[in-house]
């Protein structure tokens with residue numbers, strides 16, 4: 001087994017697909033682990049991915065299928081005939097199925113649900129009642145529940161009896177007669193304990209829990225902070241409805257970070273595999289913000305029109321406009337990104353806004369002094385000392401201002417209940433540009449004695 | 001236990017600290033879980049954090065301590081006297097200790113290592129031999145190894161005998177006589193199996209493994225893709241040296257994403273808690289890129305100087321400069337961020353560069369046509385039809401160009417062995433600005449008949 005699982009597998013595979021070489025394709029499939037195969041299916045077009053999928057052994061097909069994103073799962077399922085279709089759907093974990101259905105058109109949902117056993121259908125429907133971003137969508141309802149007043153030996157016997165169907169047996173919720181959560185036991189503690197011991201000695205009654213309607217991202221970050229393998233999920237009456245397992249939490253965090261990355265560059269997050277997205281889909285994910293930003297950018301044009309007299313008098317002032325607005329934008333973007341990330345991982349709260357604004361003001365001033373010195377030298381070489389002075393004074397003021405605006409806006413957004421990640425670098429840049437130009441021309445008037 | 005663990009705990013705590021109210025502080029500490037307390041310690045200054053830490057019960061102190069970042073751990077340890085200092089250090093997991101030492105000054109390392117038992121010291125030193133970003137720094141060397149030819153009952157007995165000291169017992173590496181990895185067994189399978197069964201029936205011999213010198217981030221992402229709880233770590237002779245557990249993998253991923261976020265805004269990642277960083281430390285993390293970018297931005301000034309004749313002839317051309325370079329920068333930033341993220345999560349490989357460049361060229365062209373139409377309307381209202389035509393033609397060309405540059409650069413960086421995340425939005429923007437201006441003025445010459 002190679003340690004580097006991803007080393008150019010696709011070149012070989014493409015050749016086999018082009019040749020339609022079934023025997024070698026089957027050999028290739030047998031040699032690669034499910035996540036690698038899933039990755040290739042996601043990258044391939046519909047015809048090839050369905051072809052490859054049908055060549056898989058049934059057990060492996062299920063494993064590969066579970067590794068796929070909902071969009072890719074639909075791509076495969078659409079290409080399968082009824083018996084194969086239902087075999088796959090029936091074998092999926094209920095939470096994965098709910099996620100697949102959450103994004104599918106209604107007739108597709110119909111086709112999936114109609115093929116399920118009553119038990120499987122109930123589990124999926126239960127999960128489907130929750131919001132897109134709720135813990136309920138990601139939790140595993142198939143858990144092993146233990147009763148409070150048993151011995152370790154009895155508890156282990158119960159794990160053996162019903163554990164095969166559960167998604168995890170490493171964290172075992174302990175419940176009272178009404179299915180209310182009283183605590184959790186780790187399988188590790190059960191295995192290491194004396195079989196005759198009472199379960200109550202091992203139960204962690206202080207365990208963290210979340211509601212099924214809570215945000216999946218917060219729950220996942222909580223698991224990371226508190227180093228939990230599984231997090232019990234309860235309903236509004238504190239009854240256990242499932243467990244959020246760490247592999248699902250990891251997926252939640254990766255998806256949230258991917259979304260934040262996209263938002264930070266003023267794009268909508270793309271669903272599905274990056275390579276599978278078409279030109280129009282990508283353009284659609286980017287155009288909305290670009291429209292808003294270009295309209296906002298007319299503010300810069302308005303400001304420059306207002307100072308057209310100064311520009312005509314000293315054309316050289318125009319030479320440094322991109323440098324000044326660019327630097328202001330960079331400083332603002334750095335401050336904004338730092339604040340957005342600190343909010344996302346829980347290191348910062350909206351109430352910190354004044355503390356942060358003051359700190360960033362000083363940081364921006366320091367940066368401005370450093371950059372102003374560089375700007376002075378560069379501008380002196382290129383033009384004259386008066387313009388150089390204007391440029392460097394402007395840099396100090398613009399950097400301090402940009403840092404304050406960049407760091408405060410995500411905090412204010414959060415206060416207003418808006419996702420702080422929409423305060424993207426391009427948004428901050430655009431807003432800082434216009435004010436930066438005003439600062440520049442006001443300083444130019446004073447230094448150069450214009451107007 | 002409240003589900004929302006973070007609701008403004010600090011206001012209450014600050015009051016207690018200000019009053020020096022020890023009884024209530026102890027009560028507060030008893031009522032909050034370790035990760036919440038750790039969060040407050042990280043946010044507090046040195047005096048208050050050491051005060052709070054000394055009020056903790058010993059067992060809880062260890063738990064809280066392990067939740068802290070290395071920087072914060074040093075802050076606390078520096079304030080403790082010898083016996084308390086060594087108690088804490090001895091109780092830490094070896095991998096956490098190695099991380100603490102990796103970032104500490106030498107005399108601090110000395111003080112830590114000298115207090116350890118020989119066994120603990122060996123474990124820590126072993127971990128310390130690996131690179132900052134290597135799996136070896138994050139793995140847990142304390143694992144339960146099983147021999148190949150045993151029964152399930154014998155294996156479970158071994159887990160019971162030595163499992164208490166291991167960081168995890170959920171994944172059990174199976175080794176040959178030379179400690180070479182032959183596969184892994186899940187504790188779940190052991191518990192659910194017939195005790196008389198042979199272990200070999202349960203061993204997954206196809207399991208993924210990584211070398212201790214491999215990148216921790218790749219290993220963590222591999223665990224996420226393959227849904228692994230623990231990943232066996234081997235040395236160059238395939239002997240087991242530890243396990244990478246999923247809670248550590250999650251930390252690796254969060255740290256890597258935080259680093260990528262910072263890099264994407266052209267800042268160095270900050271170490272430690274966001275609020276604990278001082279003004280100079282933050283400024284230092286941002287200034288290097290800003291210097292490079294402002295020097296690169298003089299290119300834009302040079303371009304504008306070259307076209308000063310055109311600017312003097314039609315001053316109104318200057319009015320749209322920030323709008324054009326801003327829009328080009330935005331399109332480039334979106335493309336770059338998408339590519340950087342797709343590379344980080346493994347959806348994209350450097351060899352995809354031509355495919356991506358061609359796709360982005362079409363995306364950029366589409367965006368340019370949409371934005372060019374908006375730009376035409378806006379510029380017609382503000383100036384005249386000729387300038388509006390210049391602006392909208394320029395938008396089409398600049399958007400297509402910016403998208404290609406933005407998406408290709410991270411892939412080229414990866415090919416050259418550079419972290420693609422350094423291809424930040426500000427860097428792309430700065431590089432696209434100068435070429436964008438050239439495009440603008442060349443189009444202006446043709447449309448307006450200048451020069």
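Cβ coordinates come from backbone N, Cα and C, glycine included.
Features reported for this protein in TrEMBL:
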- B:139-202: domain 'CBS' (DOMAIN)
- B:203-259: domain 'CBS' (DOMAIN)
- B:287-307: transmembrane segment (TRANSMEM)
- B:319-343: transmembrane segment (TRANSMEM)
- B:363-381: transmembrane segment (TRANSMEM)
- B:387-409: transmembrane segment (TRANSMEM)
- B:421-443: transmembrane segment (TRANSMEM)
I'm checking region-level scores; what's the whole-number mean pLDDT for the domain 'CBS' (B:139-202)? 91
Long-range CB partners for the transmembrane segment (B:421-443) (under 8 A, at least six residues beyond its ends), listed in sequence order, are 259-260, 263-266, 289, 293, 296-297, 299-300, 302-304, 307, 310, 317, 320-321, 324-325, 328-329, 332-333, 335-337, 339-340, 344, 390, 393-394, 397-398, 401-402, 405-406, 409-410, 413
Is the transmembrane segment (B:319-343) packed against any residues at least 6 beyond its ends, judged by a Cβ distance under 8 Å, and which are they? 260, 264, 300, 304, 349-350, 356, 360, 363-364, 367-368, 371, 375, 379, 382-383, 387, 391, 394-395, 398-399, 401-411, 414, 420-421, 423-425, 428-429, 431-433, 436-437, 440
Tally of helix, strand and coil residues over the domain 'CBS' (B:203-259) according to DSSP? 25 helix, 16 strand, 16 coil
Taking DSSP states H, G and I as helix and E and B as strand, how many residues of the domain 'CBS' (B:139-202) are helix, strand and coil? 23 helix, 17 strand, 24 coil
Using a Cβ-Cβ cut-off of under 8 Å, list the residues of the same chain that are 6+ residues beyond the ends of the transmembrane segment (B:363-381) and lie near it. 320, 323, 327, 331, 335, 387-389, 391-393, 395-404
